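Novice: Sharing a structure below in structure tokens format, with a few things to ask.
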Amino acid sequence: MRSEWELRYENISIRHENETMSNISSTEAGAVPMTSAQAHRAEVLENPLQKYAHVRQLHNGSGPYYTSGFWWCGVVLMGVGELGNFAAYGFAPASLIAPLGCVSVMASAVISVAFLKETVRTSDIVGGTLSITGTYVLVTFAPHNTSEITAQLVQYYIISWPFLLYLFFEVIIFCVLLYLYKKRNVKHIVVVMLLVALLASLTVISVKAVSGMITETIKGHLQLIYPIFYIMLVVMAASCAFQIKFLNQAMKMFDATEVVPINFVFFTASAILAGIVFYQEFEGLAILNIFMFLFGCLLSFLGVFLIAWNRPKIKQEDRNFIAMNRIPGECVPVDGALIRLMSAEVVTGSV
């Protein structure tokens, strides 16, 4: 019969091997190995069908997630949704499109209950009600008139003094925040999310310009021959790339229940401000409409906070488990390799 130490050593070896194989699989799939907490935070950015595919694969012990039909279904639906969102900017004001992002948060909560069997909480019901009410109010009182976005119009907006002043202050604020974040090592969530929001305002401006010019081209008024189209295309790609970079860093440093609602509020506010300054979307709008629109946005913000607040987290790793490369003690050769042995007190968790 094997000794108690041999059984403990075999158990630790198996668990270490499982962790190593899991990290290798993630690396082969093109991802960076993450802890369970980081994985949970990253899953918030996926749609519920993708997360459902991960849960199924883990439960059934089958192949990688990208072999699941549910995962690919989630990817396709997410792509179709983003394509529709891109096209919407060509037909409606940016200040109307951006706040409607709360609908995706509500849809994710509903699908999570249906597919992931999550418990419906009181805050989910109240938050969903507030979000629906706020969406109805802001859609009712938001500006609905939009100009046809042509290359000449975009060029006119770029050299207008309100936008130049807005861009000047945005660049100054962005440089100050970037200095604090990179040089002063200020890792506060507001600093990181403000960096994302400032980039998001450029993203909204460029996306609406590109989408609008493509729409006009489809209608028969060719806009792709103007250099401003390609300038806006480059701005859109660059701002999206850096926006995703900072957002991913925020997801690594902070909990998703903080990042998701703050990002929604900051992104929506920056998109509305960009639409007001660049595209002059509130020009001629009545004071009552502006007040009710902002009130509807406030209700939507509050609803998203309640839905994302105190979401259940996945089970963390067993704290009694110690990785083989962190086991204190003396190194001894086992099967031609150096294995670090732990004391009996560490194994039993008494230390």
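FYI, residue positions are counted from 1 along the chain as it appears here.
Every residue gets a Cβ built from N, Cα and C, even glycine.
Note that TrEMBL annotation is computational and uncurated.
Predicted, not measured: the structure shown is a model, and the values here were computed from it.
Pulled the feature table from TrEMBL, pasting it below:
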type: TRANSMEM; residues: 69-91; note: transmembrane segment
type: TRANSMEM; residues: 97-116; note: transmembrane segment
type: TRANSMEM; residues: 125-144; note: transmembrane segment
type: TRANSMEM; residues: 156-181; note: transmembrane segment
type: TRANSMEM; residues: 188-207; note: transmembrane segment
type: TRANSMEM; residues: 227-247; note: transmembrane segment
type: TRANSMEM; residues: 259-279; note: transmembrane segment
type: TRANSMEM; residues: 285-309; note: transmembrane segment
Novice: Can we call the transmembrane segment (97-116) and the transmembrane segment (259-279) in contact, meaning three or more C-beta pairs below 8 angstroms at a sequence separation of 6+?
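Specialist: When sequence-distant Cβ pairs are counted, the transmembrane segment (259-279) touches the transmembrane segment (97-116), since at least 3 lie under 8 Å.
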Novice: Can you name the far-off residues of the same chain, 6+ from the ends of the transmembrane segment (259-279), with a Cβ under 8 Å from a Cβ of it?
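Specialist: Counting only partners 6 or more residues beyond its ends, the transmembrane segment (259-279) has Cβ contacts under 8 Å with 41, 44, 93-95, 97-99, 101-102, 105, 146-147, 157, 162-163, 166, 189-190, 193-194, 196-198, 200-202, 204-205, 208, 247, 250-251, 297, 300-301, 304-305, 308-309.
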